[in-house]
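Below is one structure, written out as structure tokens, with a few remarks after it.
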Amino acid sequence: MNFVYAAGISAIMGCGIYLLLSRHTMRILLGVMLLSAGVNLVIFLAGRIGPNPPPIIEAGSYTLSPEAANPLPQALVLTAIVIGFSLVAFASALALQTFRTSGTLDQRELADAEALGSPYESKTEGSR
Amino acid sequence: MNLLLSQALIWPVVLPLATAALCALAWHRPAIQRWISLGGLTLMLAASILLLVQVETEGTQTVAFGSWPIPFGIVFVADRLGAAMALITAVLALAIAVFGLADIRRRQEHAGFHPLYLGMIAGVAGAFLTGDIFNLYVWFEIMLITAMGLLAIDRTRTQLDGTIKYAVLNLLGTLLFLLAVAILYGVTGTLNMADLGRVLSESEPSAALALVAAMFLVAFGIKAGYFPLFFWLPASYHTASIVVSAIFAGLITKVGVYASFRVFTLMFSVDEGGIRELVAVMAAGTMLFGVFGAAVQWDIRRILSFHIVSQIGYMMLGLALATPAAMAGAVFYIVHHIIVKANLFLAAGAIYRATGTYDLRKAGGLMGSHPILALLFAIPALSLAGIPPLSGFWAKYMVIDAAFADSAHWLAGVGLFVGLLTVFSMSKIWVEAFWKTPPLERKHARRVPMAMLVPMAILGLVTLTIGFAPEPFVLYADATATSLLDPKTYIEAVLGPQAGLDLGEQQ
Amino acid sequence: MNSMIFTASARILFALMLAASIFILWRGHDEPGGGFVGGLVASMALAVVALAEGVPRARRMLRIHPMSLAGLGVFLGFVSGLPGLLIDGSYLTHQWVFFPNGFKLGTTMVFDIGVYLVVLGGMLALVFRLYEDAP
């Protein structure tokens with residue numbers, strides 16, 4: 001079963017890496033999202049997936065039942081999802097702002113940072 | 001009050017976080033934010049000094065949040081390295097915040113400079129003090145998101161472009177880190193760094209663990225700007241406003257260095273699986289490519305950005321050798337470098353204020369018009385170049401001496417050669433900005449405000465102190481290196497003496 | 001967006017979603033729910049208003065800047081740890097007060113409200129930024 005999971009995760013992450021190689025900023029971001037989804041699944045798998053009941057303490061008892069799922073990876077995945085979500089949200093706001101100021105999201109045309117203070121041109125200060 | 005003192009460990013992280021929250025509450029009142037920020041950072045400095053004194057007198061400090069039993073809950077641990085890094089963070093954060101009084105513009109404050117800055121400081125301090133590997137990831141991400149906000153604070157085209165490059169590569173780095181943590185958790189079933197150190201020292205080497213080690217090295221390499229992963233650094237740091245560049249140059253990359261020191265002493269050993277050779281090659285590459293990159297640049301900020309990369313190489317050199325002397329040199333180097341590099345960026349900001357340009361070809365004549373600035377630039381510049389008796393000389397001396405002692409002659413040779421080229425770059429800035437007659441004559445010299453000169457003077461004073469009285473710092477670095485290379489002390493401090501005992505019998 | 005039906009129903013949706021978010025926040029300690037989900041629902045409530053009546057209107061309804069809201073949330077999180085430090089000597093150890101009729105109040109509630117506000121503030125800062133037209 002582990003092999004099936006691993007194959008699925010590697011398919012997702014492979015798509016993510018393929019998208020990362022694109023020149024378009026939004027595609028790169030989508031690639032990052034797919035990669036982070038793959039990583040989250042790896043965390044899940046690291047906590048051993050099986051047909052377990054959810055880790056909720058029954059009313060009246062004070063401990064988890066022994067066959068309950070491992071709650072720690074779930075907490076980790078939740079944290080990772082929230083953080084990944086906020087980062088991607090921030091990055092997409094950034095991409096939107098870039099599109100508004102530069103009119104393009106193609107990385108070939110976005111070279112303002114490199115041009116600033118480049119040693120090979122003399123009139124770089126004017127581009128600011 | 002006693003309770004507050006007994007938990008000095010939490011304050012260097014909690015205080016900037018609370019201060020950031022207060023600043024966000026006063027969103028439309030930058031004047032109030034400014035003073036809240038300075039007050040919070042002063043308190044943080046006091047707390048970090050207290051923490052260092054406690055660590056020095058009572059040994060490694062541990063706090064478990066929410067009273068969870070220790071390998072399960074999140075712990076904060078301050079050993080000598082962590083406490084020293086927290087203190088240096090506080091010193092630098094306060095100095096740069098004072099500099100910011102003169103340099104930060106109203107618009108940047110309205111875009112949320114203060115909450116972002118304090119949030120980033122909290123993230124850095126958290127990364128230095130946490131004792132939980134997943135928590136380290138969380139602090140990395142807090143640092144990353146606030147850093148993105150700070151980099152793009154003016155929303156100019158160049159900044160947005162630089163920020164996207166920075167963001168994508170660093171996102172990739174943190175994802176690799178998280179992946180490594182996930183696999184590590186699957187193999188060992190624990191996330192507490194001390195517990196990981198205990199479990200990993202007993203476990204057999206396996207493919208999964210080798211993969212984890214490699215991913216940690218790449219992830220921290222992206223953070224710290226190791227060769228061949230440093231390309232984002234000179235492509236983005238110079239776009240930010242100078243205060244942001246200074247704090248980034250001083251702290252952010254050093255978090256990556258700190259994390260690799262922690263992971264490759266406590267959990268993995270550089271002796272196994274050819275990591276030592278790999279790190280050595282990366283160290284040499286980092287030093288060489290950084291300094292060559294700097295040699296052709298004319299923009300002060302770009303020169304300094306490339307020099308961050310080259311100096312990181314010296315720290316890696318310490319890790320590659322992993323002898324007590326080399327580690328001590330690397331720790332000393334980190335402390336010296338944080339102060340000096342941030343100070344140089346501040347000097348670049350002051351040069352910009354005085355000449356109106358970062359381009360060295362257009363600057364000039366500052367020696368005559370701003371002699372105090374010239375002096376304040378000379379201290380960190382000479383120190384970075386490793387001129388005795390400033391702090392950089394002792395740092396380079398310790399690292400390179402350790403390399404000779406370990407008969408890694410080629411690494412020592414590279415270190416000496418790079419030091420020579422550093423002198424070239426620093427003298428280039430000196431000649432172009434200070435000695436050369438300016439291409440454009442100014443009628444009125446532009447004044448550099450006191451709020452800029454005072455923090456530079458204070459950081460310069462720290463450099464001079466380390467330079468002229470290096471002994472206490474060297475002794476501290478030696479003690480730090482000894483405890484770093486003997487993970488038993490760290491593990492015992494966190495898990496209790498029994499855990500260390502088991503480890504001793506195993507070995 | 002100029003849709004009469006949407007604009008008219010936006011206010012009702014807003015009130016319903018805000019009430020639901022507070023309910024989710026309240027039941028969150030012992031049952032599924034909590035500050036994070038509640039904050040998401042509340043931010044969606046305001047996002048509906050922003051879609052229907054424009055971002056400036058939604059900003060006015062909120063009165064304070066979204067980031068101030070998030071700051072308040074972080075500050076509440078910081079404060080919620082202090083009683084534990086004073087009583088138990090351990091930061092973020094949560095303290096509870098039990099009433100005879102089974103009702104209980106704890107510092108986790110303060111922390112949860114903090115999470116609610118952070119999520120609400122952060123989401124709104126983003127949503128408003130994305131909905132606003134190009135300058």
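FYI, residue positions are counted from 1 along the chain as it appears here.
Every residue, even glycine, has its Cβ placed from backbone N, Cα and C.
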Among B:338-359, B:448-469, indicate the range for which TrEMBL gives the feature transmembrane segment. B:448-469
Out of B:11-30, B:111-130, which range is noted as transmembrane segment by TrEMBL? B:111-130
Does the transmembrane segment (B:240-259) come close to the transmembrane segment (B:136-154), meaning at least 3 CB pairs under 8 Å for residues 6 or more apart? yes
Range from B:166-187, B:207-233, B:312-336, B:407-427, B:448-469 with the greatest count of C-beta pairs under 8 A to the transmembrane segment (B:84-104): B:448-469
Two-stretch contact, the transmembrane segment (B:312-336) and the transmembrane segment (B:207-233), at least three Cβ pairs under 8 Å: yes
